[in-house]
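Visitor: Below are the features listed in TrEMBL for this protein:
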- 7-127: domain 'Aspartate/homoserine dehydrogenase NAD-binding' (DOMAIN)
- A130, N196: NAD(+) binding site (BINDING)
- 175-261: domain 'Aspartate dehydrogenase' (DOMAIN)
- H226: active site (ACT_SITE)
Amino acid sequence: MHLGLIGFGNIATTLLELLPEALGRPLERLSVVSMPADAEPVRSRLARDFSAVARAFSVVCSSDQMEGRPDLVVECAGHGAVSSHVPGLLRAGIDVVVVSVGALAEPRIEAELKEAARAGNARLILPAGAIGGVDLLSALKVAGDVKVSYRGIKPPAAWAGTPAERAVDLERIRTAHVFFSGTAREAASAYPRNANVAATLALAGPGFDATEVTLVADPSAPGNVHEYSVASPLASYAVRIENRPSAGNAKTSVSTVYSVLREIRNRAGPLVI
Ligand SMILES: NC(=O)C1=CN([C@@H]2O[C@H](COP(=O)(O)OP(=O)(O)OC[C@H]3O[C@@H](n4cnc5c(N)ncnc54)[C@H](OP(=O)(O)O)[C@@H]3O)[C@@H](O)[C@H]2O)C=CC1
Ligand SMILES: O=C([O-])CC(=O)C(=O)O
């Protein structure tokens with residue numbers, strides 16, 4: 001398999017630690033798209049820590065410079081990287097797993113990605129990411145009248161550097177504070193590194209403007225907690241997930257990496273589950 005990776009941060013590097021054992025064999029090639037200033041450090045890190053991951057490596061600064069044709073590309077860089085890199089890959093017929101799902105909250109980006117996938121006969125794959133139960137939601141949606149309400153609860157440090165800082169004194173709060181209530185579109189746009197799951201629920205379910213979102217900073221949170229409920233004429237259910245944050249990024253739950261790994265294993269192995 002030739003795997004492309006856009007981004008070389010927490011998700012990408014944790015994924016590379018897991019890949020050799022998960023796949024049981026090295027990739028044919030790994031192509032990494034990094035920011036220009038990061039290219040040399042990424043090359044050194046690949047040679048030092050990840051030589052067992054692939055038989056060949058390349059590091060480029062733009063997705064159209066990737067050597068050969070990847071079988072699959074994983075975007076794990078952020079909302080900006082989705083609009084710069086993903087439409088071109090899809091138009092070229094390359095399937096892409098987009099982890100920064102919240103980028104689709106911008107209607108122009110959602111339309112462009114769908115148009116590009118159609119034009120290239122490629123698939124835009126949105127992983128479940130830090131949550132589960134998306135399969136049932138996506139199935140129920142077809143029958144109509146599905147309602148989704150989501151609550152994202154993280155320790156205060158995970159909200160650092162976000163607009164939550166204007167509503168809450170993150171360093172001093174002692175109890176849980178709700179600092180945002182609104183739609184999934186508003187949440188995904190304002191919290192691009194923290195509310196991608198709200199976008200995933202919206203896309204699998206009733207859409208960005210009909211998905212209710214509440215965001216909470218809670219010093220007692222047992223990790224990054226995602227709670228949501230689904231009501232539909234066919235079934236109703238509620239989910240609560242207590243995720244461990246990643247060592248490399250408190251905002252990102254480590255299970256997100258395993259969700260990406262699942263997409264790759266489903267692609268590389270004989271069984272899809
Ligand atoms: N669907 C889901 O459930 C979840 C989705 N996410 C999404 O995944 C993203 C990545 O998470 P994580 O790995 O923890 O974040 P990190 O910040 O650790 O890593 C992101 C990396 O991507 C790099 N990068 C940014 N823009 C580009 C670009 N245009 N081209 C190439 N590289 C780029 C960054 O470089 P630099 O630091 O130099 O800017 C950084 O090294 C998050 O921003 C979020 O959008 C996260 C968690 C859950
Ligand atoms: O990793 C998580 O817990 C969820 C997250 O950051 C997001 O939805 O963007």
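Just so it is clear, glycine is given a Cβ too, placed from its N, Cα and C backbone atoms.
Since the structure is predicted, the reported quantities are computational estimates derived from the model, not experimental observations.
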Visitor: Please report the DSSP secondary structure of N196 (NAD(+) binding site), reduced to three states.
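Guide: Looking at the DSSP assignment, N196 (NAD(+) binding site) belongs to a helix.
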Visitor: List those of the recorded positions A130, N196, H226 whose Cβ lies under 6 Å from any atom of ligand 1, in sequence order, or write none if there are none.
Guide: A130, N196
Visitor: Where N196 (NAD(+) binding site) and the residue listed as 'active site' are concerned, what is their Cα separation in Å, rounded?
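Guide: Spelling it out, the Cα of N196 (NAD(+) binding site) and the Cα of the residue listed as 'active site' are 11 Å apart.
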Visitor: I'd like the number of other C-beta atoms within 10 A of the C-beta of H226 (active site), please.
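Guide: A count of 25.
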Visitor: Under a criterion of Cβ-Cβ distance under 8 Å and sequence separation of at least 6, what residues of the same chain contact A130 (NAD(+) binding site)?
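Guide: In sequence order, the residues whose Cβ lies under 8 Å from that of A130 (NAD(+) binding site) (at least 6 apart) are N196, V197, N224, H226, I241, N243, T252, S253, S255, T256, S259.
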Visitor: Taking helix as H, G and I and strand as E and B in DSSP, count the residues of the domain 'Aspartate/homoserine dehydrogenase NAD-binding' (7-127) in helix, strand and coil.
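Guide: Residue counts for the domain 'Aspartate/homoserine dehydrogenase NAD-binding' (7-127) by secondary structure: 63 helix, 20 strand, 38 coil.
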Visitor: Tally the residues of the domain 'Aspartate dehydrogenase' (175-261) by DSSP class, grouping H, G and I as helix, E and B as strand, and everything else as coil.
Guide: 23 helix, 31 strand, 33 coil
Visitor: Including all protein chains displayed, how many Cβ atoms other than that of N196 (NAD(+) binding site) lie within 10 Å of its Cβ?
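Guide: Taking all protein chains shown, N196 (NAD(+) binding site) has 31 Cβ neighbours within 10 Å.
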Visitor: Tell me, what is the mean pLDDT of the domain 'Aspartate/homoserine dehydrogenase NAD-binding' (7-127)?
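Guide: PLDDT averaged over the stretch: 97.
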